[in-house]
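> Provided herewith is a single structure, encoded as structure tokens, for subsequent inquiry.
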Amino acid sequence: MYTLLPPKNQQYIFLREIFGLIIGLTMAYICFGYQMLHLIVLPTICYVTLKTLNPNTIHKAVLLICCVYLSLLHIYRQVYEYGSYTLDITGPVMVMVQKLSALACGLHDGLMADKKQLTDIQKRYKIRKAPTLIQYISYLLTFQTILAGPNAFFEDYLAYLDGTNFPKKLPKEAKSPPSPLKPVLKKVLITFICALVIYFIVPMYPSTTLLDEKFLYETPIYSKIWFIIVITSLTRFKYYFAWTLADAVCNASGFGFTGYNEKGEQEWNLLDNIDILGVEFGVNFRATIDAWNKGTNLWLRYVMYERASPKYNTVMTYTLSAFWHGFYPGYYVTFLTGSLFTNSARMVRRCLWHRFQQPKPVKLAYDFVTCFLTRLCLSYMTFSFIILELMPALRVFWHLMFYLHILALLGMYVLPLVVSPLKTVKKKSQ
């Protein structure tokens, strides 16, 4: 059980860095062999960039270097292992790209940016002092996050190392000193349930059915829609398993404590990458997307969405996400469709949401309808992420008559002409 920890001296912190680094490198070598060199080469290139370039440009340069390096790995995998799901180094490099680009943005914000122009997230993660070499290496290669994430920001990692993520004194409302036992057991139980679903139920609904001409031509459209909902829902359990287990590992090491809530209960959600109930029962598209892969969503918002032009930030964010995932055409179908749905949902909400908040039964009915429509949109936009290919995805869309693409366009361009939308106040974005 974790109790309140005394302030740690530099020697103790150094030992924790070395310990985490050695275990991380050992795990990487066991899993990937010589491929683990990519986890050394890319940080080396970026370290030289951070040390030699002007802080005003390092965030752009590091993000570009990371995207190019990761893209080459994705292309290599597509050429030699097309469509496979074998374990290779691209997964850990994807996590490292998040860490490196976030670190560079934090340094830029801490050393160069005008404090008045920073957003709340940029203020939260800005880095006022360049990391030492050992801090830099251990942050990138520590064993908790080296294989499957989740992404951890540098300032949070330093707080974990020196113990400042735990309170010096227990607050009055606290029921017990910090201990990860309960959250770890809960998350392990969730991973066990997900494993059962993956082993016993997922094989009953193969995604290759969507490639079957007989299924596409002879199955009624409502059956196609239902099957797509089922396979996309079941596929999510693979991600629930990996992300929840990774979070449990971090918590077990003491990483992830965020304090106490109003009831005095401990919260270990700093590195939560998924809100399963939020994904499965979110009442609108934005809430559902925010609950999915939260670490990556925060990274995309931090390095791209809040730094790009407000006119193009949604498209640019989805494009970066697609590049980060790889170059299978299905990824781009998913993210471009997601960009369309995001803009459409935003406009529909501006037109309708405020009209259905009273009385309570009306609000409940509105939430039920939007929850159902969100499930339709989520399955419709993500099945191409599973089958990977462009033409098969377009064939499925054709047999579905592109019905949600059409509805999304109507929501964006026709609905505002019929129902006046609420005006929004645009915030300044850097």
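Any Cβ shown, glycine's included, is placed from N, Cα and C.
Keep in mind that what you see is a predicted model, and the values were worked out from it rather than measured.
Pulled these features from TrEMBL for this protein:
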- 12-37: transmembrane segment (TRANSMEM)
- 57-76: transmembrane segment (TRANSMEM)
- 133-154: transmembrane segment (TRANSMEM)
- 188-205: transmembrane segment (TRANSMEM)
- 225-243: transmembrane segment (TRANSMEM)
- 322-343: transmembrane segment (TRANSMEM)
- 364-388: transmembrane segment (TRANSMEM)
- 400-419: transmembrane segment (TRANSMEM)
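For each listed feature, how buried is it and what is near it?
Cβ atoms under 8 Å from those of the transmembrane segment (133-154) belong to residues 14, 17-18, 20-21, 23-25, 27-28, 31, 39, 43, 47, 91-92, 95-96, 98-100, 102-103, 106, 125, 127, 242-243, 245-247, 249-250, 253, 255, 270-273, 295-296, 298-299 of the same chain, restricted to positions at least 6 beyond its ends.
Nonlocal intrachain contacts for the transmembrane segment (188-205), taken as residues 6+ away from its ends with a CB within less than 8 angstroms of a stretch CB, comprise 227, 230-231, 234-235, 237-238, 240-241, 244-245, 248, 276.
Long-range contacts of the transmembrane segment (225-243) within the same chain: residues 148-150, 190-191, 194-195, 197-198, 201-202, 205-207, 209-210, 215, 219, 273-274, 276, 279-280, 293, 375-376, 378-380, 382-383, 386, 396, 400, each at least 6 residues beyond the stretch ends and with a Cβ under 8 Å from a Cβ of the stretch.
Below 8 angstroms of C-beta separation, residues 67, 70-71, 74-75, 77-78, 83, 90, 94, 97, 285-286, 289, 296, 314-315, 377, 380-382, 384-390, 393-394, 404-405, 408-409, 412 of the same chain, each at least six residues beyond the ends of the transmembrane segment (322-343), sit close to that stretch.
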> So if I exclude everything within five residues of the ends of the transmembrane segment (12-37), which remaining residues of that chain have a CB under 8 angstroms from its CBs? That is, six or more out.
87-89, 92, 134-135, 137-138, 141-144, 146-147, 161-162
